[in-house]
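What TrEMBL records for 324-335 is compositional bias 'Basic and acidic residues'. According to TrEMBL, the domain 'EamA' annotation covers 16-139, 152-296. Positions annotated as region 'Disordered' by TrEMBL: 301-335. If you look up TrEMBL, you'll see 16-36, 42-60, 69-89, 95-117, 124-141, 147-168, 180-200, 220-242, 254-273, 279-299 marked as transmembrane segment.
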Amino acid sequence: MVHRSDDGRVNHRDRLLGLTVVLLWGLNFLAIRYGLDHFPPLFFAALRFAVLAVPVLLFVPRPRVPARWLLLYGTGFGVLQFAFLFTAMREGMPTGLASLVLQSSAPFTVALGALLLRERLRPAQMGGLAVAVTGIVVIGADRMHVAPLLPLLLTLAGGLGWAFGNIGSRLAATGRDVNPLHLTLWMTVIPPLPLFALSALTEGPSTGLRALADTAASTFWPALAGLAYIVVFGTVIGSGLWTFLMSRYPAGTVAPFSLLVPIVGIAASWAVLDEDPTALQLAGGVIVIAGAFVATTGGRVRQSGNGRSPDRAAASAAPTEVSRIGDLERAASRP
């Protein structure tokens, strides 16, 4: 059972957990690069979840959450994010830059929260979204002169998928007896079948299997090491901690932690892969992070209409969340 924060403020332990996720996910991009050097992208995305899905189905109790929210979580976080991200990196998106552009998920999460959960979008947040979009345009303009634009667009689509996953995990975790680790593990059951199907259709039914068979050679151990890191540290530990934090705090409170991931990702890709982003790309990245930070934190110090601060009002947010879920259920039933 996860207890929600009483006032919306992140305590020291949970802040440390958030920074742990930052480190794990930042290094995760190196593991992805090593895996993509050997495996086709969609097959690799399916494989990372399939390795966990089988033991989860056999040994992990299914969390008591509505199937539709689990499906939204798995489709957004698992299928859409990694199908687009892995394809983008295979098509030439630099590892460090991918870790930066993917953080567009933070403003996407805020925007989806406003559209789907009816969370109030304050002027500061709208300004932050505009700034983040400006940064993405700067990166895109620079990429157009040196490389195809498609990998950037695919990475942005991955960020949007992550945002849908954030909404799904938050809705799924609103129950009183939801185990965050069980929820994260059961999320891995959703992506394998659609990703394997997409791989068979677009990459060929035997391409991924041949790549998997080739890993028996010692020269391909980095790909297997990358897969192991992604499964254990990126998915089980990293995503488990992320889901735990999302279940305790508002989405706009947790999302800013993801903005620190590019610092680790860019530093690691520079140190290990000798990637050297241009000054304009770094400038655009700073603009994206600044805008996303404002979008996910802006305006929270203002008083709400009943005289309480938003942080204090979060203590009584459970009935509001239930009503929002009810609104979504009614909307889904309309023709």
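One-based numbering along the chain as shown.
Cβ coordinates are placed from backbone N, Cα and C, and glycine is handled just like the others.
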Intrachain neighbours beyond the transmembrane segment (124-141), with Cβ under 8 angstroms and 6 or more residues off its ends: 97, 100-101, 104, 106-107, 110-111, 149, 152, 156, 252, 280-281, 283-296, 298-299
Close approaches to the transmembrane segment (147-168) from elsewhere in its chain (Cβ under 8 angstroms; 6 or more beyond its ends): 69-85, 87-89, 91-93, 98, 101-105, 108-109, 111-113, 116-117, 136, 139-140, 187, 246, 251, 255
Recorded stretch that, among 42-60, 69-89, 95-117, 180-200, 220-242, has the most CB pairs under 8 Å to the transmembrane segment (254-273): 95-117
Contact call for the transmembrane segment (279-299) and the transmembrane segment (95-117): at least 3 Cβ pairs under 8 Å, seq gap 6+: yes
Best-contacting stretch, by C-beta pairs under 8 Å, relative to the transmembrane segment (42-60) and drawn from 16-36, 180-200, 220-242: 180-200
Candidates 69-89, 95-117, 220-242; stretch with most C-beta pairs under 8 Å toward the transmembrane segment (180-200): 69-89
Cβ pairs under 8 Å between the transmembrane segment (95-117) and the transmembrane segment (69-89), at least three: yes
Average model confidence [pLDDT] within the domain 'EamA' (16-139): 91
DSSP-assigned states of the domain 'EamA' (152-296) in counts, ordered helix, strand, coil: 118 helix, 0 strand, 27 coil
Residues of the domain 'EamA' (16-139) by DSSP state, where helix covers H, G and I: 103 helix, 0 strand, 21 coil
